[in-house]
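A.B. asks: Have a look at this one before I ask anything.
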Amino acid sequence: MYFIIVSLVLKTLMRCLSSTVDFIPHASMDTVHHMLLFGCQTPASTRSNCVPGTCEDEASILYAWARNAPPTKLPKDVGFKVGKDSGMSYFVLQIHYGDVSAFRDHHRDCSGLTLKMTSKPQPFIAGIYLLMSVDTIILPGKRVTNADIACEYTSYPIYPFAFRTHTHHLGKVVSGYRIRDGKWSLIGRQSPQLPQAFYPANEELNVKNGDTIAARCVFTGEGRTYKTYIGGTSEDEMCNFYIMYYMDSKHAIPYMSCIETGSKQLFRHIPAEASIPIRVSLTVYSEKKFERNIASHLTIIGLFSYACVVDYHLEPVLAWPQSSLQLGQVSGLALDTNSNLVIFHRGDHHWGSNSFNSQARYLERSLGPIQQSTILIVDTAKGNILQASGRNMFYLPHGITTDKENNYWVTDVALHQVLKVSSDGRDTILLALGEAFTPGSDSKHFCQPTDVAVDPKSGEIFVSDGYCNTRILRFSPKGQYLSEWGAGSSDRRRRVPFRVPHSLVFLADRQEVCVADRENGRIQCFIAETGEFVKEIKKDEFGGEVFAITYNGLLFAVNGDSPYHSAPIRGFIINYSSKDILDTFSPNKKEFKMPHDIVETRDGSIFVGDADSKTVFKFTEKLHRSVKKAGIQVQELQGEIWRVLGTLNLGNFFASHKGYSRQGFDQLSTESSDQEHNDEDSSDSDNEEYSALPPPQSS
């Protein structure tokens, strides 16, 4: 059960047709856990107090706030239609409190919300499309359960500009898509354990008649000893994906929904990112509490005696691999489309002081290419070799990544090339960029290129180049040169060039490319399409070097030994938004010597390839619990215990669909963890302002 106290506030009746265009919160997370604004025709009560529910008719959610989120500004010429003849004559604001200590001096809370209204007709009207699973069952102990929802869209075009995800504790990631002509386009993807406000949609796209809107919620049943159903209490689960859209005012529909289970055949083609969990740290309050049910969706919260802090820490798997892999210097790691580990290594070749001359030309061509299999496909569970390829192809392998067709994109620092290689074991070179054994710095040459990142949607290729060049290059899927850029700067007074851009990762949910700038000991991120600098992450804990990075909602990095700094060689888990180091990890028995690449699997395991020790290390999440006496008591406010209220009457909704018989809806589940901070750089805007291209006017 969540520890939230809810106050229900009713706003005044709108007597004329108006539009809401801005939402300005007046609250602090020191007092308020979150706020929800609804619109409806008939409220559950006409007084501002603690009353059961929000609306007697269908409630439409208009706005959500949590964790000191900035004001939200809708796109220009877009607003929510409210007031006369709109179906939304009343505003209902719910304020949920997670900590009542602020009220112990009996002060009154003045938290609330300012709405910027206009009587000027808006050409585009905002609305909410809700995708929701109603019949998913999560089996106890089952590692992954997917809840898939999909509906054909049959109305006038809508233009998504924001999204919101929601599950309870078992949800790992929620993703929403538009499907058109078989192509899946991401609307938004987020961990439901992060603050569940509206986030900007991934890209500006429309949804039109004949498209399919789909969503997937990924759950885990690990740690549960009983079946978990969709429902309203904290022991149940929910799977919601909200789309905030706008459409031409002539055809405005304020609220639409989809509860149809998606077909297995359709979801065979869902992008791999939808099944990759996004990690967060959780704090769960339990277990000793006094409670009693008052009605189907009213609960009184009493005494919380203990707080159980749940944390995940990466620990080495000592028994992996179960048999020796017989590796050379491990230079690159990747995952194929079957979630197998791809290892790129140098066999019996070594990069030493005699490998190159001062012009970066390779001096050991007489040795010939590596005769061993340099690309190994390995089972992630036991470390068994499933396939071996890459014989007599490479001289000094470096980076490797895969695309959605499961082709390998590799770099070879001796060849000064980027190669696209088939993964069918035939070692077919499908595309070659750069001239073999010829270093250079123009658009057709590289100088010891280090890594490749691939945009899974567009297929565009990004290359970090490299040991003797200081740039990132962008190519079309067919290898056409598009653009390039150098280092960014978070210091306006000076710009420090790259010093060995060593590792690349593409952030699909942000459409950004991040680079491990090795010798500068920093991570820099850029807008993929333009190369515009976004942010820099540089920590003393890195010790002056960052060798490799990967991304899955969080950044994972490994550093290296630096002659100029002293710091342990280890792995780091980093919050992309706040830049905070959340955790570190390293082997127990062996030590990292030169961790050269890092990759994360779908089950949350981390693999690190070490060049000097010729080893691949595996780390998995281990659950750690600590129990602290909290002594938190609910105070009686104004002579009564505040009630926890239901929202959207989903308890009744579940009871009326598909024979669902579980009773009750507990609004304590509307918002979740406060543990993950989303503070951005101070240069960011104070407003969460959504931008979108206006849709074409209807004829």
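Cβ coordinates are placed from backbone N, Cα and C, and glycine is handled just like the others.
Marked as compositional bias 'Acidic residues' by TrEMBL: 677-689. According to TrEMBL, the disulfide bond annotation covers CYS40-CYS55, CYS151-CYS258, CYS217-CYS239, CYS447-CYS468, CYS514-CYS525. The domain 'Copper type II ascorbate-dependent monooxygenase N-terminal' annotation in TrEMBL covers 26-100. The repeat 'NHL' annotation in TrEMBL covers 383-424, 438-478.
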A.B. asks: If you measure from the Cα of CYS239 (disulfide bond), which of the disulfide-bonded residues CYS40, CYS258, CYS525 is the nearest?
C.D. replies: CYS258
A.B. asks: Restricting the comparison to the disulfide-bonded residues CYS40, CYS151, CYS217, CYS258, CYS525, which residue's C-alpha is spatially nearest the C-alpha of CYS468 (disulfide bond)?
C.D. replies: CYS525
A.B. asks: Can you tell me the mean pLDDT for the repeat 'NHL' (438-478)?
C.D. replies: 97
A.B. asks: Nearest to CYS217 (disulfide bond) by Cα distance: which of the disulfide-bonded residues CYS55, CYS258, CYS447, CYS525 is it?
C.D. replies: CYS258
A.B. asks: Write down the Cα-Cα distance for CYS55 (disulfide bond) and CYS525 (disulfide bond), rounded and given in Å.
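C.D. replies: Spelling it out, the Cα of CYS525 (disulfide bond) and the Cα of CYS55 (disulfide bond) are 45 Å apart.
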A.B. asks: What's the most sparsely packed of the disulfide-bonded residues CYS217, CYS447, CYS468, CYS525, counting other C-beta atoms within 10 A?
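C.D. replies: The disulfide-bonded residues CYS217, CYS447, CYS468, CYS525 were compared, and CYS468 has the fewest Cβ atoms within 10 Å.
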